[in-house]
Structure formats: C-alpha cells, structure tokens
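**Q** From TrEMBL, here are the annotated features:
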{"type": "BINDING", "residues": "H111, H115, D302", "note": "Fe cation binding site"}
{"type": "BINDING", "residues": "L134, V135, S136, G137, G138, D167, G180, N274", "note": "substrate binding site"}
{"type": "DOMAIN", "residues": "24-308", "note": "domain 'Gcp-like'"}
Amino acid sequence: MLVLGIESSCDETGVALISSETGLIADALHTQIDMHRAYGGVVPELASRDHIRRAVALVDDVMAKAGRSRSELDAVAVTEGPGLAGALLVGNAVAHAIGWALEIPVLGVHHLEGHLLAAKLSDPAPEFPFLALLVSGGHTQILKVERFGSYKLLGETLDDAAGEAFDKTAQLLGLPYPGGPHVSALAEKGASGAIELARPMIHSPNLMMSFSGLKTSVLTAVQSAENPEDETWRANLARGFVDAVTDVLAAKLIRAMKETKLERVVVAGGVSANKQLRARLTDAVRRRRGEIFFPPMRLCTDNGAMIAAAGLARLESMSEAEREALKRESAFRVRPRWPLETL
Ligand code: ATP
Ligand code: MG
Ligand code: FE
C-alpha cells in the first residue's frame, strides 16, 4: 500500500510518501519559521496563506522525488487536528481534493499520534506496548500506549509545555524563535550547577508536571543579573534551565516506568530533538535496564512523514470491509481541539 501524508497544523507544510513494503519513500518540508520570526511566534492568518502557497507544490515535489504517479496512491493521510483551524483546513482541502479525484480514502490523523509514531520510522523501531513521553511546543504528556490507537494519558503539564518553556526562555535571553535549538546550543557552553533553577513538582507523588514557574525563575534571574549581557552568565543560565527541564522529565519518566512496569520508552515531539534531553533520558532509562527510542532527529518536529506513518498504521490495522467503508466515509472535518485519549 502507498500512502501520501500531509501535515499543516501549524507553521510547517509537510508532505511524505510511505509504502507498507519499503517504508518512507520520499518527503518534503517547508517551514515558515523565517516568516513568523519577526512576530516572535506563529501568526495564524499568515500560516494559512503560506500553506496554500506550498501544499500542492510539495505534493508534486514528493511524487516526483519518489518517481511515482498519483494514480498509484491507495490513501491520503492528513492531520485533522489539533492545531490552527485555518492551517488545518488547507491541508485537508488538498487531501480531500486528491481523495475525491482518485476515489481513494482520506484518513484524518491526530497530530500527536503522528509525533508518537514518528519513532516507528527509526531503526530499530519500538514494538507495542510502550510508555511515551511526548514533549512538543504545545504538549507535555506521559502516555501508556498498549497498541496502535490506544493512548492512555497518565500525566501531563498543568500549565506550559516544555517546548513553550524553551521558547519563552529563548525570548528572555534575546534568542530567535523558535528557541529550543538556540537555548540548547547556548547551554552546551554553560556549566551545570553554576545557576540552579526551580524544578517545580519534581517530587510530587504523581505524573503531573509544571513549567511556568521555571520560566518565572529565568525571568527573575535575568532581572537581577549584574550583567545580563555577559556570555558566560548567559550560557550558565541556559544550562541551568536545560538541566531543570531534563531533571523533571527524567524523574517523571522513571516514576512512570515504575508505576506501569513498562520497560520500553518512546520520547517524541519537537523537544525530543534536544541533545541534552536525549542523553539524560537515555542514561536514566538504561540504568533501569529499559529500552529507549526516539524519532530520527529530523522527524522530531512537525513533518509529513509522521502523518503518513500514522495513516499507514491505521490502514494496516483495518479489515478489508473497514477499508471499503472508509472510501464512502471520508468526511471533511478539522478538529482544532482534540484530546488524544478520545481516539
Ligand atoms: P504540538 O505538536 O504540541 O501541537 P508544535 O507542533 O508546535 O506543537 P513541535 O513541532 O513538536 O511542536 O515542536 C516545536 C517545539 O520544539 C518548539 O517549542 C521548539 O522550541 C522545540 N524544539 C525544537 N528543537 C528543539 C531542541 N533541539 N531543543 C529543545 N527544544 C526544541
Ligand atoms: Mg512548528
Ligand atoms: Fe507538533
């Protein structure tokens, strides 16, 4: 089976082609980061318009790279939600146009399911069941994944997502948007322990987390600094921030491993591209003789490949009758808010 995946939930237009026989065949991505940078964040209306400009061209690009024609497609997978309504509408309009024209099913994919299944594109790939830590720009969740399509929320942040904390810290340090990679690079040059920041809820007897207090302690540190321009001081602050985030995430992940007795862990979402976090979690999980998996580096942030992978996994989990029914039931719908547990 050949599935085309389309992602347009936020500020990345992503398209990819995946095969049930040979895996990921081709993919293409256009990121709008430069366009939104001047505003310090994503401007929804600009995002929608840019998806319109890019989506069809990226589909053509992927089909050409793969050397395959559209008539060979068995299904189109598209991010149905959650995300920006206008941005989601663009990807869905393109996906359904292709679906109608070719009389093939259109599968609405949950964006976070896509992030989790991006780990399946790694080699070796994780088997079900696993424990998942999803750390992205809008979410920080710990989930129990029994099998494809079954996501049980065990804990999450009560306020800011980890990625949001990275982005806000970057802003306070005068670094460009999105801040994650910049804060990470600056932290590399800093010394651990030079500046200690709060680790909210690290000892709470549950899997809940909080990152907004950490942002406040970064703000306080910047305001009370003798010389906030000093490079060594800035690097130490970035290091203190990264250490605090990674400590909290590691503590909660280990607690979840103990509580669920699951030894296999998947870490996904944009922040899972973070070098320090990968090293810290890998060490913590291996100490417990667990196995840890991440998506390939370039598939941690939003992309079409993860949506294609989730769509293919859904098709493969269906019976022949269910697949036939799907051809008649591909309803056009976007879900800007859509809890993963309701899948
Ligand atoms: P969501 O998936 O929750 O809807 P999103 O799609 O905006 O949100 P992602 O694309 O998964 O989020 O990830 C973007 C986030 O990842 C940003 O907050 C960004 O700063 C962060 N990020 C990306 N690379 C890194 C990195 N190397 N270190 C830390 N954070 C990073
Ligand atoms: Mg993005
Ligand atoms: Fe995302």
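From the backbone N, Cα and C atoms, a Cβ is placed for every residue, glycine too.
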**Q** If you measure G180 (substrate binding site) to D302 (Fe cation binding site) at Cα, how many Å is it?
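**A** Spelling it out, the Cα of G180 (substrate binding site) and the Cα of D302 (Fe cation binding site) are 14 Å apart.
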**Q** Taking only C-alpha atoms and a 10 A limit, tell me which of H111, H115, D302 are near L134 (substrate binding site). These are the binding-site residues.
**A** H115
**Q** Can you tell me how far the Cα of N274 (substrate binding site) sits from the Cα of H115 (Fe cation binding site), in Å?
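**A** For N274 (substrate binding site) versus H115 (Fe cation binding site), the Cα atoms are 15 Å apart.
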**Q** I'd like the Cβ neighbour count for V135 (substrate binding site), meaning other Cβ atoms within 10 Å of its Cβ, all protein chains included.
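**A** I get 30 for this one.
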**Q** Taking ligand 3 as the reference and 6 angstroms as the Cβ limit (strictly under), which binding-site residues among V135, S136, G138, D302 are close?
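**A** Result: S136, D302.
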**Q** Can you grab the distance from G137 (substrate binding site) over to H115 (Fe cation binding site)? Cα atoms, rounded to a whole Å.
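**A** So the Cα of H115 (Fe cation binding site) lies 12 Å away from that of G137 (substrate binding site).
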**Q** Find the average pLDDT over the domain 'Gcp-like' (24-308) in the predicted model and report it.
**A** 97
**Q** Report the largest Cα to Cα distance, in Å and rounded to a whole number, among the residues L134, V135, S136, G137, G138, D167, G180, N274 that the record lists as binding substrate.
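**A** Site span for substrate, by Cα atoms: 17 Å.
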**Q** List the residues of the same chain that sit at least 6 positions away from G138 (substrate binding site) in sequence and have their Cβ under 8 Å from its Cβ, in sequence order, or write 'none'.
**A** P82, A161, G163, E164
**Q** Using DSSP, would you call H111 (Fe cation binding site) helix, strand or coil?
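**A** Reduced to three states, the DSSP call for H111 (Fe cation binding site) is helix.
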**Q** Counting other Cβ atoms within 10 Å of each residue's Cβ, which of the binding-site residues D167, D302 comes out lowest?
**A** D167
